[in-house]
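Participant: Got a structure here, written out as structure tokens. Questions coming.
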Amino acid sequence: MSSTLDTITPMPEGGNNQTFVNISKEDLKVETEHYENVAYIANAHDGLIDENLVRAENEDKVTPYFMFLISVAAIAGFLFGYDTGIVGAALPMVGTSLGHTLSATESEIITAGTTIGAIFGASILGTMADKLGRKWAMIISDFAFTAGAIIIAASYSVPQIIVGRLVLGVGVGGAAVIAPLYIAELAPTAVRGRCVGANAFCIPFGQVVASAIGAGFQAGVPYHIGWRVLFGLGVVPSVVQLCLMHFLPESPRVLVLRGKEQEARACLKKIYGNATDDIIDLKLRIVKQYVAATTTMQRDLSFTERAKKYWTHKPYRRAIISVSGVQAFGQLTGFNTLLYYSGTIFGLLGLKNGAAAGLIPSCLNALFVFIGMSIVDKVGRRKLMITFIPGMMIAFTWTIISFHFLTKPTGGLLLKDYQYSTPLVGSVLGSIVLFVIPFGLTYSHIIWYQSEFLPLEIRAAGSAISTTACWLANLVVSVAYLTQLEKLGATGTYGLYLGFITIGYIFVYFCYPETKGLSIDETAEIFIDGFGIEKAHQMLREKRAFAAELYAGRA
């Protein structure tokens, strides 16, 4: 195999929009329509799958360095989880530390501060990820995590806490976009789901740690000190990741975009230490093949024209709608209200240590995210969603019925000083447990696979758009929750979430294709005609058939 793999052959006649790409830096030629059908470049046969991808993927073996790389990148997920989960335990401890007892509105604004910051962090750092690079975008997120935690811990007024939460949110939003994007671009196809899932698992793990520390502090630490320490502890993992980022490489795709092909090759060699030089050259060729489309689009179109292209070009639009919809519906389930307001809601139910009770959904979520990420590459993203989302519907139906009878004596409202029926409180907690199990297996980690659906030239921006949709939905839920409990009651509030879950299930059924077994650069083909539910299955069948034929021939 030649080591100078810098020419990509055109698709055979009969293929869609024949394309010739010469990758040489001096003479890059791509037909005008290339970025209209990017990622459908140069197959070596008449099927949908590039044989080179099959050959290269089957040489992948996970190395100790790659495990280190994933572990460091996944700290971003832990930070995300800790800093979103700690507010539920910390807010009840604030008491009069800021000069007065926090009102429901102030609690909602403080809680929503991180979400608002995350919207800006996701949109700004996400869209700049190609220019900054994945690595530097994560470093900026770490600085935001650190600064936000310090500001909050040193606060003596509500506005100061809100500012700190906004800054912290920039880090959360940036991490939510960049970490799964970075991991997905580096991970072998066969284990990509588990690798991205490792970051997704660290989110609920961070929430468990936050709930556990919060429960301990509520039980034995003076409140006026405890809430400051809880927020301040977020500095530790952000500084650790900031220091370890020095040892992580930039994404090879970004290095090729910058014309640093030798650095990209060295990066691939370091990640895939067991691969031969020929396989590394083949991997580099594949990266160059898809990067060519990106450079063409960025060169030929202005930022405004590219932004317009995301919505006028149907394959781009379908991909963005698919991932944005799933991310938004994941928030509209209402799960995060159990984290943000765990201390408040379980306190209203009469439990003395609300933070300790909040460990129930946090621990269960972490456990079932771990199970989900362990099987996602074998079972598939779509199949998990189709199979287990109905369990969430059943659970919230139970929740609604339980809340109806629980709050009947108080006119449908949860009142702080009322002694509710112990069996009915247990029924509510049981329904929440039942809800968290399918949520952990589905939305909790699958929403973070968004980069799998997006072709390279819109991957960073598309991830930013979908994650922004996620945080906008989160904002609506978190800001409105306490007010909804007052106006609609618990029964009406969870009835609303049940409606969103049902609509989300219909969306997944028609608009969320399977990406299991397909490389991150192949999946863009799914959306050429429609949302590609059947096409994705066809691509996987053809890929498996070709791989079987290829390796049977070798034997």
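A Cβ is built for glycine as well, from the same backbone N, Cα and C atoms used for every other residue.
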Participant: Could you tell me whether Swiss-Prot assigns Leu485 and Ser519 to the same side of the membrane?
Facilitator: no
Participant: Do the transmembrane segment (166-186) and the transmembrane segment (109-129) share at least 3 Cβ pairs under 8 Å, sequence separation 6 or more?
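Facilitator: Between the transmembrane segment (109-129) and the transmembrane segment (166-186), which are separate recorded stretches, there is contact, as judged by 3 or more close Cβ pairs.
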Participant: Should anything in the same chain at least six residues away from the topological domain 'Extracellular' (222-228) have a Cβ under 8 Å from its Cβ atoms, list it; otherwise answer none.
Facilitator: 90-91, 93-95, 97, 152-155
Participant: Three or more CB pairs closer than 8 Å, sequence separation of 6 or more: does that hold for the transmembrane segment (356-376) against the transmembrane segment (143-163)?
Facilitator: no
Participant: Thinking of Cβ pairs under 8 Å, which stretch from 62-82, 109-129, 201-221, 229-249, 488-508 has the most of them with the transmembrane segment (386-406)?
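Facilitator: Highest pair count goes to 488-508.
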Participant: Run the contact check on the transmembrane segment (201-221) against the transmembrane segment (462-482): 3 or more C-beta pairs under 8 Å, excluding pairs closer than 6 in sequence.
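Facilitator: No, the stretches stay apart by this measure.
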